[in-house]
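According to TrEMBL, the protein has these features:
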- A:15-54: DNA-binding region (DNA_BIND)
- A:Gly89, A:Ala90, A:Gly91, A:Asn92, A:Leu93, A:Gly94: NAD(+) binding site (BINDING)
- A:78-179: domain 'CoA-binding' (DOMAIN)
There are 2 protein chains.
Amino acid sequence: MAKQISMAVIRRLPKYHRYLKDLLEREIYRISSKELSEIIGFTASQIRQDLNNFGGFGQQGYGYNVEELYSEISKILGLHNTYNTIIVGAGNLGQAIANYSGFQKSGFEIKALFEANPRFIGLKIRDLEILDVEVMEEYIKENNIKIAVICTPKESAQDIANKLVKAGISGIWNFAPVDLQLDGNVVVENVHLTESLFTLSYLLNEKEEATR
Amino acid sequence: MAKQISMAVIRRLPKYHRYLKDLLEREIYRISSKELSEIIGFTASQIRQDLNNFGGFGQQGYGYNVEELYSEISKILGLHNTYNTIIVGAGNLGQAIANYSGFQKSGFEIKALFEANPRFIGLKIRDLEILDVEVMEEYIKENNIKIAVICTPKESAQDIANKLVKAGISGIWNFAPVDLQLDGNVVVENVHLTESLFTLSYLLNEKEEATR
């Protein structure tokens, strides 16, 4: 049986992935956990512990093979797969995500955008058509869509999410400022931008009070 | 001396703020910690503990005064202030943030966008001009800019951040996929979108393996 990995470890994996990719781009193919620790900012013991969750990869006296570790972490993150993806809500944020080529390169293939506002329906973002949200469920079923990105206003997010789940989506990347209440077997990852900005303003104020 | 509040508590505050705002919009002015717990999804004891960090607000047998609690948390989050803000990088994401009126309403007043690409310089997003990044430092000093949002490619983010710090910025909201290395007294809050998406794909794969 697979061991339960903590969310804290899981959230560090993409960071390992990013740093290992940078190393490969700089043609560094071998690295000690101490050196890795210096660039990534986790302790060497933290790194060994994290990676031991997945069987460990380092060799005593050799360190890590960067290519191998990168490829293993990619696989752990599911990046050896491709995911048919749609974006719901074709406002500024939805368009920005559709335009960002990095997601495509990592296997998240954006197939279409959906929108309720008739002004947008029929327009194109890159080569992607903006479709009527009314046909979304049918589209998901017919095109084997795995992931939906919710970029709608908060008022419609829950309703959209219900429809997505009913149509058989596996994962939701939610940018709407609501906590979705969902039954069933769907994975939700939230990006709450306003909460992030408010954290920044908290820290700013705390700092100013400390120096007063 | 102010007590050190943990980041976990701090990151929950914007969520309290959001739920209290919803309650006020629904004209609910008084709530028990048990009811608050049910809608927000933290335990009642967690809520009491969190709020006790800031002096506690509930009254035995009465619960919380929603308006008062909302206003106190707003103040704790620094939302009674306004923050002159700039966006660096006027690509899709920078434009999406400039176009989102919610940030303005919360006191983050976006004053200008800066861009290195001459094709963008001089254009307008809403009533905001896109200025040459060469004049950014001067603009920060002259316009009392507190917060900068970095929406540049990763290659230029560190250089931009160094210039921002030198010009006297207080806080950076960083969307570039790098961990900025900064000296001095600047607060950085990161939004690593790719890491969030990779977490989603990890969880999707984990779920599929569990049901295999």
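Numbering starts at 1 and runs along the chain as displayed.
The backbone N, Cα and C atoms fix where each Cβ goes, and this holds for glycine too.
Unlike curated records, TrEMBL annotations are generated automatically.
A distance below 8 A between C-beta atoms marks A:Asn92, A:Leu93 as the binding-site residues from A:Gly89, A:Asn92, A:Leu93 lying next to chain B. The DSSP breakdown of the DNA-binding region (A:15-54), given as helix, strand and coil counts, is 28 helix, 2 strand, 10 coil. Of all the binding-site residues listed here (A:Ala90, A:Leu93), the one with the fewest other CB atoms within 10 A of its own CB is A:Leu93. Taking the binding-site residues A:Gly89, A:Gly91, A:Gly94 in turn, the residue surrounded by the fewest other Cβ atoms inside 10 Å of its Cβ turns out to be A:Gly91.
Spatially close to A:Asn92 (NAD(+) binding site) yet at least six residues away along the chain is no residue at all, judged by Cβ distances under 8 angstroms. Broken down with DSSP, the domain 'CoA-binding' (A:78-179) shows 37 helix, 29 strand, 36 coil.
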